[in-house]
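Data block below; observations after.
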Amino acid sequence: MNEINVTLPDGSQRPLPAGASIFDLAASIGAGLAKAAIAGKIDGNLVDLNTPLADGARVEIVTEKSPEALEIIRHSTSHLMAQAVKALFPQAKVTIGPAIETGFYYDFDVDHPFTPEDLEKIEEKMRELAKADLKIERRELTSADAIALFKGMGEDYKVELIEDLGADKVSLYSQGDFVDLCRGPHLPKTSYIKAFKLTSIAGAYWRGDEKRAMLQRVYGTAFGDKKELEAYLARIEEAKKRDHRKLGRELDLFSFNDEVGAGLVIWHPKGAMLRTILEDFERKEHLKRGYDIVLGPQILKTELWQRSGHYENYRENMYFTTVDEQSYGVKPMNCLAHMMIYRSQLRSYRDLPLRYFELGTVHRHERAGVLHGLLRVRGFTQDDAHILCTPDQLDAEIKGVIQFVTEVMGIFGFEFEMELSTRPEKSIGSDDAWELATSALLNALKDSGRPYEINEGDGAFYGPKIDIKLRDALDRRWQCATIQCDFTLPERFDLTYVDADGEKKRPVMVHRVILGAIERFIGVLIEHFAGNFPTWLAPVQATIVTVTDNQIPYAQAAFDKLRAAGIRVQKDFRNEKLGFKIREAQLQKIPYMLVVGDKEVESGMLAPRFRDGKNLESMTPEQFITFIENEVKSYK
């Protein structure tokens, strides 16, 4: 055959010489497309640009503007970094280096920790290798030959990976004298890598196992052009200013203490107030929507965790204690007590749906290496609810939860994205049950009118789920809300209800959180608002500031009125300059400063100014109380 025909995305067919590659196809369409092309898709699968085409293939050309481009660019840049490290530190052993959401990383086994100066040298070497315009070439070897190759190179980690894969053949990529084990695809040449930056260094255990070697993980990022890279780096600098750990200290919200233990938050008065405001908000919103507030114990007998399956599947993340020779597990989740409440009496179909809500504090043994401020802790409180309903009610209940999420995220000013994760290969439950639950989740997503993605096979073994990721002011995604169908617990705990025909039936169960972990959500809020909380959330809503000591009696009376009305107010009557006191209140990000001078004392007024420096009209204490109450009611 001297000629082949391939199908383009628009359905048209294009003839090409036999043996033509995706690059040849791009060149046949136009010089501009050939220049922009970086990879391709054959029958929906991503492949390298120089991959030969078969007759009848459906082909799509991937350019720097394609959705898939960034991952390919970043993955190739991680290989470029590994090549640079091997050139500078020949004794280093390479492990893995994937593309991730914010860029890429590569883990190295080295004799000494990398320094910031090392990063600069590595980055400079990467630029040199990129300019060298090295071809990036793919080849396939038998696993035996690949193992022999990497053993000869002293790359023990690659040998382990190939042995664990258990495949007959593996693919390798080479550029210059550097060879790596990889599925690909990759860019055609190193010169296609134009805009990158190494950002940080961290430690990481090989394969996440604390018993294995500690490696040096180098993080970086890469983009299609320098403009995108510079914009990203500017966002990173802004994120550093907003870091909730930094602001948490500066605003005196919370702390951690090694004497207390890693991952255990100590809430200071202002932080505890912020948390209380959120929890009160949660209770009110749940009661409005027909949830019953419940509370469960912190420890439950180990036999119960064995029955639920947590002991078998989750015990490494649990804490256990023994009381009166009886083993107990500290709860990592709130669901079991809710099961006990349901089982405490006979249930009729007329009782359903039942919606149990608990602000439940749980503890999970997270590895020390993954702990990160409020975003990853060992003790936290979830806005956890479990809905038990009939199969016919499932659609409406899930739609109700999505509407709940939509309304709550709107109050906080967050946009969000949704993903449906479907049945994995290993799962329990009948086909009918999975179909019912997946259909209910999918119908709710469609009815929401919002875009969503489907992650095939990424559900839990006991049921499909919807994950909801909010977007903050820096356009970062945060996993918070989850809606999860569960077939396991109703079965294991023999939950039943009496149907209209008098028969016992199994209820459907939905686990769901709206904000998720309160600690994590507060961390996100701090960074989203940069500590400038809206008035309704601010731990301190106003501070009364005197000009001189002469105004203290009037200012104290005003302070007492505001506090009695429920306004979260503090006072600064120190003998300091007014500008100093105002600046300090601004640094504490307090929404309103109420200045009291001789004029205010004479007129019985307060002189409010917003934290951005804008002056408001003078108000009486009573008027200011009404003003704040209106802001709180409208969630401003």
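Any Cβ shown, glycine's included, is placed from N, Cα and C.
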Let me know which member of His286, His372, His386 Swiss-Prot also records as binding Zn(2+) at the site of Cys335, His511. His386
Residues with Cβ closer than 8 Å to the Cβ of His511 (Zn(2+) binding site), same chain and 6+ apart in sequence? Cys335, Asp384, Ala385, His386, Thr482, Ile483, Gln484, Asp486
Cβ within 8 angstroms of the Cβ centroid of Cys335, His386, His511: which residues besides those meet this for the Zn(2+) site? Met333, Asn334, His338, Tyr356, Asp384, Ala385, Gln484, Asp486, Leu489, Met509, Val510, Arg512
One finds that other Cβ atoms within 10 Å of the Cβ of His386 (Zn(2+) binding site) number exactly 25
Per-residue pLDDT averaged over the domain 'TGS' (1-63) comes to what? 92
